[in-house]
Amino acid sequence: MQMNYICIVTLLCLIFLDGTSSYGVPNKETACQRELRIYQQEPNVPGRRIPVCDTLGNYAHKQCSGSQCYCVLKNGTHIPGFSVNNWEAEQQTCYCAREQAEYQATGLIGKMFRCTIDGSYDSIQCTGPYCYCADQHGKQIGESSVHITEMNSLNCIIGKETACQRELRIYQQEPNVPGRRIPVCDSIGNYAHKQCSGSQCYCVLKNGTHIPGFYVNVWEAEQQTCYCAREQAEYEATRLVGKMFRCTNDGSYDSIQCTGSHCYCADQHGKQIGESSVHITKMDSLNC
Ligand SMILES: *[C@@H]1O[C@H](CO)[C@@H](O)[C@H](O)[C@H]1NC(C)=O
Ligand SMILES: *[C@@H]1O[C@H](CO)[C@@H](O)[C@H](O)[C@H]1NC(C)=O
């Protein structure tokens, strides 16, 4: 008895809430379905778009008319700012544009949406001060995240390989080409700091570009980290000045690093070990 009651209530609610119910009740046409029916009855009216409806009868996120594709709300209303030419719209999802618009309509604030110009989710999304690689629905891929100030260090892959992964794949397909290096990629697909080819090891930027001046022979490269070389190069690219890098000739951090006029012993990442420091003029007194 109880179960029957719940069942009847549920059925009534389904019929009441959802015009597309299949319980013998005639379907109520949605705005999109209506526009589509009218289009199909008379398709050749110039400028009339072909509406695209989703399975629930709402307007699909992306609509195209003429040469433009753009993003719409569920009820078909345009979301300003995300129109692109239809020959550039293949990857356009409009998921970000719509979800951002729906979020803004709730009056809530604080959630950050990084939409591309076509209204898709950017491959980097952030929550609070942390940023990560995201899929087409804006959901985090994997577990690594970086502070927002280091967002540009993320090298996110959306259905395609990074340059390093591509070079590695090509190498693996055909390893015996003379002079071809074995690229080393890090866990997020960037080039590792140190690469070796032939008898030389050297330091590279994340995108694989050589950093001049830090070549060593393979047999002398065991301790080579290239951390100093890359961080110095990245720092110089920001055009900031004032930070001092003491790199060894293989691009590793020297065991003595200085900040301003103070010098101290440092680890392989250039971070101070312990608390003692000396004036730069007494640097040689450090026994690191
Ligand atoms: C569609 O929904 C938006 C937001 O809910 C509303 O502002 C707009 O007037 C609606 N448009 C139509 C055609 O119903
Ligand atoms: C790698 O990055 C550097 C600095 O950001 C840039 O100058 C260089 O052109 C890039 N190289 C490639 C192959 O993308």
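Positions of Cβ are set from backbone N, Cα and C atoms, glycine also.
In TrEMBL, annotation is done automatically, which means it is predicted and not curated.
The record in TrEMBL pairs Cys228 in a disulfide bond with Cys247, which is drawn from Cys226, Cys247. Here the candidates are Cys94, Cys115, and TrEMBL names Cys115 as the disulfide partner of Cys96.
For the domain 'Thyroglobulin type-1' (161-226), the model's average pLDDT works out to 88.
Counting Cβ atoms from all protein chains shown, Cys228 (disulfide bond) has 25 others lying within 10 Å of its own Cβ. Counting every protein chain shown, 25 other Cβ atoms lie within 10 Å of the Cβ of Cys96 (disulfide bond).
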